[in-house]
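Annotated ATP binding site per Swiss-Prot: Gly13, Ala14, Gly15, Lys16, Gly17, Thr18, Arg134, Lys179, in sequence order, evidence recorded as sequence analysis. The phosphoserine annotation in Swiss-Prot covers Ser33, Ser180. According to Swiss-Prot, the region 'NMP' annotation covers 33-63. Marked as ribonucleoside 5'-phosphate binding site by Swiss-Prot on the basis of sequence analysis: Arg39, Lys61, Ile62, Val63, Gly93, Phe94, Pro95, Arg96, Arg140, Arg151. What Swiss-Prot records for Lys43, Lys55 is N6-acetyllysine. What Swiss-Prot records for Asn100 is CMP binding site, and it gives sequence analysis as the kind of evidence. Feature annotation from Swiss-Prot assigns N6-succinyllysine to Lys106. Annotated region 'LID' per Swiss-Prot: 133-143, in sequence order, evidence recorded as sequence analysis.
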Amino acid sequence: MRPKVVFVLGGPGAGKGTQCARIVEKYGYTHLSAGELLRDERKNPDSQYGELIEKYIKDGKIVPVEITISLLRREMDQTMAANAQKNKFLIDGFPRNQDNLQGWNKTMDGKADVSFVLFFDCNNEICIERCLERGKSSGRSDDNRESLEKRIQTYLQSTKPIIDLYEEMGKVKKIDASKSVDEVFDEVVKIFDKEG
């Protein structure tokens, strides 16, 4: 069985992680966060990629696509090997640019099906406020204003065009993410009840 994938996109602080946790609970998807996989890999002393990832993340740059895809693929393979029924994945924070998308299409063509793109649309200032709030407790080195402004720039320049591309293919489900967590999830539920 091929994995069924929903790409989850939106700026930093749009609430992707929070909503993904709820989707997992309600619909039995497996949540893969590209950023989390990279951060875990960076901490793994045996990783061949650790130092390289560290450098990219520190500079607020996007990690080379081969690394991200190999981590995503490894997780999907392991999940499905453990339980063949678990073939539905939310991939959060990927693809982040043209290079990511081309890498995915080249590597995963015929190996995974992208059902749709869940796009959490949120204004930048709200996103920044949320991240700064989160930074107080998350200990994430990139939850500071300077790093955030860089991340939002990167997102606008690189990820937004990807969303537009999927939009043309009729694959984008857009949600106003500036509302409360519950209101946003109500919208999410409408989409997943229809799309599965």
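Positions of Cβ are set from backbone N, Cα and C atoms, glycine also.
Features per Swiss-Prot, on structure.
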residue	record	Cβ contacts under 8 Å, 6 or more apart
Gly13	ATP binding site	Cys122, Ile126, Cys127, Ile128, Glu129, Arg130, Cys131, Arg134, Leu148
Ala14	ATP binding site	Phe120, Asp121, Cys122, Cys127, Ala177
Lys16	ATP binding site	Val8, Leu9, Gly10, Ser33, Asp92, Gly93, Phe120
Thr18	ATP binding site	Val181
Lys43	N6-acetyllysine	Gly50
Lys55	N6-acetyllysine	none
Pro95	ribonucleoside 5'-phosphate binding site	Phe7, Leu101, Gly103, Trp104, Thr159, Ile162
Lys106	N6-succinyllysine	none
Distance [Cα-Cα, Å, rounded] between the residue listed as 'CMP binding site' and Ile62 (ribonucleoside 5'-phosphate binding site): 9
Cβ-Cβ neighbours of Ser33 (phosphoserine) (radius 10 Å): 20
Those residues of the chain, 6+ apart, with a Cβ under 8 Å from that of Arg39 (ribonucleoside 5'-phosphate binding site): Ile53, Ile57
Residues that sit under 8 angstroms from Gly17 (ATP binding site) by C-beta distance, when 6+ apart in the chain: Ser33, Asp92
The one of Asn100, Ser180 whose CB sees the fewest other CB atoms within 10 Å, among these recorded positions: Ser180
For the region 'NMP' (33-63), the number of residues DSSP places in helix, strand and coil: 19 helix, 1 strand, 11 coil
Inter-residue C-alpha distance, Ile62 (ribonucleoside 5'-phosphate binding site) and Ser180 (phosphoserine) (nearest angstrom): 29
Secondary structure content of the region 'LID' (133-143), with strand meaning DSSP E or B: 6 helix, 0 strand, 5 coil
Separation of alpha carbons, Gly15 (ATP binding site) and Ser180 (phosphoserine) (Å): 10
Same-chain residues at least 6 apart in sequence whose Cβ lies under 8 Å from Gly15 (ATP binding site): Phe120, Cys122, Arg130, Ala177, Val181, Val184
